[in-house]
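Per TrEMBL, the features are as follows:
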type	residues	note
DOMAIN	A:8-123	domain 'Semialdehyde dehydrogenase NAD-binding'
BINDING	A:Thr15, A:Gly16, A:Ala17, A:Val18, A:Arg43, A:Ser44, A:Ser162, A:Gly163, A:Asn326	NADP(+) binding site
BINDING	A:Arg103	phosphate binding site
ACT_SITE	A:Cys132	active site, acyl-thioester intermediate
BINDING	A:Gln159, A:Arg245	substrate binding site
ACT_SITE	A:His252	active site, proton acceptor
2 protein chains.
Amino acid sequence: MGNKAAFNIAIVGATGAVGQKIIQLLEKRNLPINQLRLLSSKRSAGKRLFFNNQEITVEEATPESFADVDIALFSAGGSVSKKLAPEAVKHGTVVIDNTSAFRLDENVPLVVPEVNEEDLQSHNGIIANPNCSTIQMVAALKPIQEAFGLTRVIVSTYQAVSGAGNEACSELEEQTKQYMNGEELTSELLPVKGDSKHLPIAFNALPQIDVFQDNGYTFEEMKMINESKKILHDEKLQVAATCVRLPLFTSHAESVYAEVGQNNLQVADIWKVLDGADGVTLEDDPETQTYPTPLSATDKEDVFAGRVRKDLDNDNGFHFWVVSDNLIKGAALNTIQIAERLIHHKWL
Amino acid sequence: MGNKAAFNIAIVGATGAVGQKIIQLLEKRNLPINQLRLLSSKRSAGKRLFFNNQEITVEEATPESFADVDIALFSAGGSVSKKLAPEAVKHGTVVIDNTSAFRLDENVPLVVPEVNEEDLQSHNGIIANPNCSTIQMVAALKPIQEAFGLTRVIVSTYQAVSGAGNEACSELEEQTKQYMNGEELTSELLPVKGDSKHLPIAFNALPQIDVFQDNGYTFEEMKMINESKKILHDEKLQVAATCVRLPLFTSHAESVYAEVGQNNLQVADIWKVLDGADGVTLEDDPETQTYPTPLSATDKEDVFAGRVRKDLDNDNGFHFWVVSDNLIKGAALNTIQIAERLIHHKWL
């Protein structure tokens, strides 16, 4: 497959928030596409979507959908991936999966191209795209780890509702209107679709993203912890996470504390490695109140870092603030970049 | 003054967000009031406000305003406190100051009654009320410190706009309407009134509260760091803070990491000391998705704690989530509680 000039690409979950963003980005980028197939659940099949001004009818995703597909980009939830990704692989399709289904599988590389592109080489048909909040954090941590070593990370997140899909955006919009009209807020989805209790997100902060695990952490927090260790190739790296959903539509922000492997470093040393890092833009100048925010990062491809400060008590500790569009680098873009690198290196 | 049956109370900044909340709370609580005087800037003087169904005309605060005043509650900004609090003290008035003007002054006690009530005894006419984000954090940290020792704290905040006053609430409301109407957002106040750049808060997160200091931390972050050490009586306590303003009207939330002085503790040990603590309500049950949120804490007097988890790598580390109404316990209530304790102990 490595010498093909153009590829048949399928998007599974084409009508969802991430699927739609993938279609948008494929129009802008240079992935050589022969045919694009849009797949979805039975419920959304039949919808018509546009790609490069060409109308494409969405088809129901079935095990047979992948017969001529070279690369399938999955963003339709973990259960769909678990069922259909192995079927796609049987057809020789390479799956890039945007769900948590295979991320911690030893046989599945978990990749942020700027961080661990080389892991792609050992894939067995499935490559996992990390969780949105993990991607932007490791993109900023990697250059620090490489330059100075990295021993410990404590992160608190500020996450947008679009991470929970289009329906969650509608819920925030609806509740915002209700609040402004002095009406009672109706909560039917967040914090977690399918969990038993629903709480208002408008003008609120919900310290629960995804379901609780037995250890008291949420699944989102455990994703950040486990995925970071895997991507940064350090099982001994100490990672702690608190994940919070906020009334923002797009872009996640993160307050990150990192302990590095060297002493006597200054803020300028951290700035230097972040500034030159692939996929990272440094926006940090207290004098001019320059720092990234969710609104400033929205619709942009990079991971933005700012507010770098040295810890006042620990010589090897630094605090900083990382923001990125959760649907772009946090999902759609990273997925496409994986496909681009596979093609570039002929690692399909 | 200690044996008086009722006291003349003045509120300086009576028309502000905190001043109005003080008036509301004084109606509910048992402070024995002989006369209530409402003071403000020249601009707001002449306004009429109600206290216990009695109309009171707001007067301009001047050095002479305090002649018969036993206790003055200041919430009109640091410059007003710096100018008028010493004048009030000359009249024998005891000042409880809600600004940052005197908080780190060695001769001024900085008090959260549940935490360090005894410090009130050594006052010299001025007592400082801590910063809102500090109050709720130390209220939760104190019982932990007392039971197990406390060596280190790392906090990331999720702060409401009402901490920046009524004007900031109006700005969030206005921008929310603009956003929902697809209009451009006009930013004239936040993140900091008087700072050179203004940024939208609606559907955004601003990692700046108060102005930047030379060390790259904001003044809000340095308040949390320095005030916590003073209130908890431990200059060696390691405290780090990242303070973030969010599109919420009321109640601050905090993601807190704390290292304690004992090993082998479990979540149940932390629960036990938080549950019985004065002014703290524990809301923590992952099985029933029980945790505090800004909306659930609004209009309530307590500090709410939840999401207690043991760090996965450090035996003495715990993560938790603290929420409280920033205008009540974070400001007005704590101010009034200080007055109540002064009267109760005859420490005026």
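Here the Cβ of each residue, glycine as well, is placed from N, Cα and C on the backbone.
Around the Cβ of A:Ser162 (NADP(+) binding site), 25 further Cβ atoms fall within 10 Å across all displayed protein chains.
For A:Arg245 (substrate binding site), the spatially nearest entry among the recorded positions A:Ala17, A:Arg43, A:Arg103, A:Cys132, A:Ser162 is A:Ser162, judged by CA separation. Of all the recorded positions in the list A:Thr15, A:Arg43, A:Cys132, the shortest Cα-Cα distance to A:Arg103 (phosphate binding site) is found for A:Cys132. Summarising the NADP(+) site geometry, the residues cited as binding it (A:Thr15, A:Gly16, A:Ala17, A:Val18, A:Arg43, A:Ser44, A:Ser162, A:Gly163, A:Asn326) extend over a maximum Cα to Cα distance of 26 Å. Counting in whole angstrom, A:Ser162 (NADP(+) binding site) lies 10 from the residue listed as 'active site, proton acceptor' by their C-alpha atoms.
Between the CA atoms of A:Ala17 (NADP(+) binding site) and A:Cys132 (active site, acyl-thioester intermediate) there is a gap of 13 Å.
If you take the CA of A:His252 (active site, proton acceptor) and look 10 A around it, the recorded positions you hit from A:Thr15, A:Arg43, A:Cys132, A:Gln159, A:Asn326 are A:Cys132, A:Gln159, A:Asn326. Predicted-model confidence for the domain 'Semialdehyde dehydrogenase NAD-binding' (A:8-123) is 97, expressed as mean pLDDT. Counting only the Cα atoms, the space from A:Gln159 (substrate binding site) to A:Arg43 (NADP(+) binding site) is about 28 angstrom. The Cα of A:Cys132 (active site, acyl-thioester intermediate) lies closest to that of A:Asn326, out of the binding-site residues A:Thr15, A:Arg43, A:Asn326.
Within its own chain, A:Thr15 (NADP(+) binding site) has A:Leu38, A:Ser40, A:Ser44, A:Lys47, A:Leu49, A:Val58 as residues 6 or more apart in sequence whose C-beta sits under 8 angstroms from its own.
In the three-state DSSP scheme, A:Arg43 (NADP(+) binding site) falls into the coil class. A:Arg245 (substrate binding site) has a Cβ environment of 28 other Cβ atoms inside 10 Å. Least crowded of the recorded positions (A:Arg43, A:Arg103, A:His252), judged by neighbouring Cβ atoms within 10 Å of its own Cβ: A:Arg43.
Per-site Cβ counts within 10 Å over the binding-site residues A:Gln159, A:Asn326 peak at A:Asn326.
Just so you know, of the recorded positions A:Ala17, A:Cys132, the Cβ with the fewest other Cβ atoms around it within 10 Å is the one at A:Ala17.
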